[in-house]
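Take a look at the structure below.
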Amino acid sequence: MAPDRLPHEKGFHVSWDQLHRDARALAWRLDGQGPDNGAWRAVVGITRGGMAPAMIVSRELDIRLVDTISVKSYNHQSQSAPVIIKMPDRDLVGDGTGVLIVDDLVDTGRTLEVVRATMPKAHVATVYAKPMGRPQVDTYITEVSQDTWIFFPWDMALQYVKPYRAGE
Ligand SMILES: O=P(O)(O)OC[C@H]1O[C@H](OP(=O)(O)OP(=O)(O)O)[C@H](O)[C@@H]1O
Ligand SMILES: Nc1nc2[nH]cnc2c(=O)[nH]1
Ligand SMILES: [Mg+2]
């Protein structure tokens, strides 16, 4: 096993195209589910990974009010207690009513626990979810097992791969 995959058993590699399709699927699922005649008031993306799906969801649902919340917790694959280092505009998000919080994935759920506490009435949506974090999410698209590490396109590059039967 490649050392950069430890301690997870499996790798789930997501291309830009796949992320685009899955974020669009998330938007379609959320369409018409907002509290104001089905409409959502604003999108809040959780930096940094939530910014790409937040952009796609806000584009699909024609939501022009977009803000971010910045949370720092993971350093590579090791997690420390999540800390909010930047809040969204309080006048915009209020208690979270009509706000869609968007992140790329939920793993342990610790990031969303901290974010939810700041906007208790918001709807939380992620593209991918692992079982431990699922209770923190209202809507998600694809579930992967807890021992899977999800690799996003912004963390990868195309590179040469040797054929299975490499010439001697
Ligand atoms: O459910 P949890 O166990 O809290 O993990 C999920 C969070 O971890 C990743 O972010 P990360 O902290 O790596 O920061 P980044 O988005 O800036 O890359 C991911 O984008 C989620 O925000
Ligand atoms: N890229 C990435 N970041 C994470 N943060 C917590 N879990 C994951 C994961 O599976 N992949
Ligand atoms: Mg993140």
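Heads up, residue numbers simply count up from 1 along the chain you see.
Even glycines carry a Cβ here, placed using N, Cα and C.
As annotated by TrEMBL, domain 'Phosphoribosyltransferase' applies to 15-160. Summarising the annotation, TrEMBL assigns 5-phospho-alpha-D-ribose 1-diphosphate binding site to R48, G49, D103, D104, L105, V106, D107, T108, G109, R110, T111. Residues or ranges marked as Mg(2+) binding site in TrEMBL: D104. Residues annotated as xanthine binding site in TrEMBL: D107, I150. The annotation GMP binding site is assigned in TrEMBL to D107, T108, G109, R110, T111, W149, I150. Positions annotated as guanine binding site by TrEMBL: D107, I150.
On the structure: features taken from TrEMBL.
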residue: R48; record: 5-phospho-alpha-D-ribose 1-diphosphate binding site; Cβ contacts under 8 Å, 6 or more apart: none
residue: D103; record: 5-phospho-alpha-D-ribose 1-diphosphate binding site; Cβ contacts under 8 Å, 6 or more apart: G45, I46, G49, G50, P53, T111, L112, V124, A125, T126, V127
residue: D104; record: Mg(2+) binding site; Cβ contacts under 8 Å, 6 or more apart: L19, G49, G50, A52, P53, T126, V127, Y128, I150, F152
residue: L105; record: 5-phospho-alpha-D-ribose 1-diphosphate binding site; Cβ contacts under 8 Å, 6 or more apart: G49, T126, V127, Y128, A129, K130, I150
residue: D107; record: 5-phospho-alpha-D-ribose 1-diphosphate binding site; Cβ contacts under 8 Å, 6 or more apart: K130, M132, G133, Q146
residue: T108; record: GMP binding site; Cβ contacts under 8 Å, 6 or more apart: Q79, K130, M132, G133
residue: R110; record: GMP binding site; Cβ contacts under 8 Å, 6 or more apart: S73, Q79, A81, P82
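Cα spacing between G109 (5-phospho-alpha-D-ribose 1-diphosphate binding site) and W149 (GMP binding site): 15 Å, rounded to the nearest whole number. Close to ligand 2, meaning a Cβ under 6 Å from one of its atoms, is not one of the binding-site residues R48, D104, T108, R110, T111. Taken residue by residue with DSSP, D104 (Mg(2+) binding site) is part of a strand. For the 5-phospho-alpha-D-ribose 1-diphosphate site listed in the record, the two most distant Cα atoms among R48, G49, D103, D104, L105, V106, D107, T108, G109, R110, T111 lie 17 Å apart. Most buried of the binding-site residues G109, T111, W149, I150, judged by other Cβ atoms within 10 Å, is T111. When pLDDT is averaged over the domain 'Phosphoribosyltransferase' (15-160), the result is 96.
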